[in-house]
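Below is one structure; the comments refer to it alone.
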Amino acid sequence: MKSFLLIALVLFFLFVSYASAKKKCQLPSDVGKGKASFTRYYYNEESGKCETFIYGGVGGNSNNFLTKEDCCRECAQGSC
């Protein structure tokens, strides 16, 4: 019985993590409020690809990745 509860708990946390990652990928790119000019990557749901945008350095949202590889790993399904 304890093994079943442990497995159920692990599956629940995996599902919650997956769902929150997908919500992140549905957000639009957000330059933030800063005045910096950093090249970052976001997942574009319309194109199904990770694309670049200029990030201001402050604020924004969680659809903001340092590398294309990070963006693809979290958001892209299939090739990126």
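Quick reminder: no glycine exception, Cβ is built from N, Cα and C everywhere.
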Partner cysteine of Cys72 (disulphide bond, per Swiss-Prot) from Cys25, Cys80:
Cys80
Which of these links to Cys50 by a disulfide bond in Swiss-Prot: Cys71, Cys75?
Cys71
Please report the number of other Cβ atoms within 10 Å of the Cβ of Cys71 (disulfide bond).
24
In this structure, which of the disulfide-bonded residues Cys25, Cys50, Cys72, Cys75, Cys80 has the fewest other Cβ atoms within 10 Å of its Cβ?
Cys80
In whole Å, how far is Cys25 (disulfide bond) from Cys71 (disulfide bond) when you measure between their Cα atoms?
9
Just counting, how many other CB atoms are there within 10 A of the CB of Lys35 (site 'Key residue that directly interacts with the S1 pocket of trypsin')?
8
Three-state composition of the domain 'BPTI/Kunitz inhibitor' (25-75), taking helix and strand from DSSP:
10 helix, 15 strand, 26 coil
